[in-house]
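**Student:** Dumping the structure here so I can ask a few things about it.
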Amino acid sequence: MPELPEVETVRRGLAPALEGRRIVHVTQRRPDLRFPLPELFAKRLTGRRVIRLERRAKYILVYMEPAKSGGAEDVLIMHLGMSGRFTVHGPSGSSAPGLFHLGMPGGETHDHIVFDMEDGTRVVYADHRRFGFMDLVAEPELASSRHLAALGPEPLGNEFSALVLAERLKGRRAPIKSALLDQRTVAGLGNIYVCEALYRAGISPLRTAASIGPARVERLTAAIRAVLQDAIAAGGSTLRDYAATDGELGYFQHAFAVYGREGEACSKPGCGGTVRRIVQSARSTFYCPACQR
């Protein structure tokens, strides 16, 4: 599943194709994705101008002008799931694919939603597994919607700090890795970047969340921010399932210190340890037991 850096990369790729432009036609080829699409989905979007695209955790938020004068903005919430893929076809017919396809082709069979923009741009959403979803929410109700209400702070936002993280870890007996994957703790973190952040902070994934003292929390907060910023700058991580909206592969996976490196020597100078893989909550955890305490 794409994590925060990959979703942010897709948002940045879609923004030039959508922002400031009106949707002139929506093709809806099935009534549902992971969940049923909203009632009158295509009709409610047709004719609306896109104001801006934002990201919250692993969701892309498309803000649209009000349907009626004086009304509230509607927000299209999009989640890519495991296999969602956007492809942007320019007015000239050129294509800039934004892939989340696990190495499988899209093709019209899996092209479920098509947005035609006023300048001739066509944005196609394909999803062969249909684990992604879309929803429409009035802007005043966005923060309290079922998708966003329980989310923790954005790790790259001003509301995220060592003090905030320490408060959210207080009294929790779960392993620190499990606590960080809980979207109520910090929004948008996934398996890859939690492994990498814990490594940079020198914290064992087996340590209980409540045992992370102030100095470690400071290091962890800084490591989370740094790992995410580095990954976004690299265009995300290409494993089997990701390329950016311009078709370029993300390359942060080449900078992985521990993820996917079981049995390799720790890259930290003077450590001498070996990267180990364990399973926590049915997910692979990669860490160096010699320098992560």
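Going from the start of the chain as shown, residues are counted 1 onward.
Positions of Cβ are set from backbone N, Cα and C atoms, glycine also.
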**Student:** Per Swiss-Prot, which of Arg122, Arg129 sits in the DNA site along with His110, Arg172?
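**Tutor:** Looking at Arg122, Arg129, the one Swiss-Prot places in the DNA site next to His110, Arg172 is Arg129.
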**Student:** Pick from 35-71, 257-293: which stretch is listed in Swiss-Prot under zinc finger?
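**Tutor:** In Swiss-Prot, the zinc finger feature sits at 257-293.
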**Student:** Using a 10 Å radius around its CB, how many other CB atoms surround Arg283 (active site, proton donor)?
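**Tutor:** Counting Cβ neighbours of Arg283 (active site, proton donor) within 10 Å gives 14.
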**Student:** Please state how far apart, in Å and to a whole number, the two most distant Cα atoms are among His110, Arg129, Arg172, the recorded DNA-binding residues.
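**Tutor:** Between the most distant Cα atoms of the DNA site, 42 Å.
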